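Per TrEMBL, the feature compositional bias 'Basic and acidic residues' maps to 1-12. Here TrEMBL flags 1-32, 230-256 as region 'Disordered'. Among the features that TrEMBL reports, compositional bias 'Gly residues' is placed at 13-32. The transmembrane segment annotation in TrEMBL covers 38-57, 77-96, 108-127, 142-161, 168-189, 209-230. Residues annotated as compositional bias 'Low complexity' in TrEMBL: 244-256.
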Amino acid sequence: MSGRDVRHRPDEGPGGGRGSGGGGNLGNGGELGRGGELGRGGAVLAAVAMGYAHLAAGGTVDPMGDLVSDYALHDATAWALVGGTLALASACLWTAYGLARTDPVRSAAARVLLVAGALGLLLTAVFPTDAAPGVTSIAGEIHRWSAAVVFTALPCAGRLLGRRSGGVALPAVSAACVALLALFLAAHPGSPIAEPIGGPGYYGLVERLLLLAEITLVFLAAGHASGRALPEAAGHPPRRPAAARHGSGAPVLQHK
């Protein structure tokens, strides 16, 4: 141009003020990270509720040989188990929402798995386990298959998110979930190797460790959804949220 060049400064918004490239983006960044923070809160609430159920049960449920779902069969602990399950389901959904805001393209598969895990958790809360060993009902079958979806979908989601993160916590917890799930299936009554390995004596404890690992996994995944807890993997530059990439600069007039 003959008299002036029009250039953009990434740290200034409309009217010459600070925009999304500077400190003025704190409000928008807080909005983008809200899903991750709510996901973390849901995971913590789930852990507290599960811990309370174990304490309130006293000696009515054996933590070594009984399943976590047995707490739903007792009035003193049913509400805590259902509340903790719903809290973990909401944590999965908030985490998926946060990922959709911060990394909508590369997190698509992980979001599908998180939503599947949330739906599985909701079904396990709605359909309780069978009250007596050897008794099979439609509600009990829905409960068992829904739990299977939860125990498999969440580690897969964690693996997908952890694969491109620079940290080791999320991949390590995902691997621990897979190992605990394999041990739980091997020790569960009905497994051909359950008796040789003494599974009926401790498979309830294995399930509790698996549940704790999956709650931890959701907590870490929610940190990833906040957009600031986990770094990007090598070779993938940090992605700025869509709201921060558009309209962030204003023309600055400079004389040649």
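Backbone N, Cα and C define each Cβ position, glycine as well.
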Do the transmembrane segment (108-127) and the transmembrane segment (142-161) come close, with at least three CB pairs under 8 A (pairs 6 or more apart in sequence)?
yes
What else in the chain is close to the transmembrane segment (38-57), if you only count residues 6 or more beyond its ends and a Cβ gap under 8 Å?
63, 68, 71, 74, 76-77, 80-81, 83-85, 87-88, 90-92, 94-95, 98, 208, 211-212, 215-216, 218-219, 221-223, 225-226
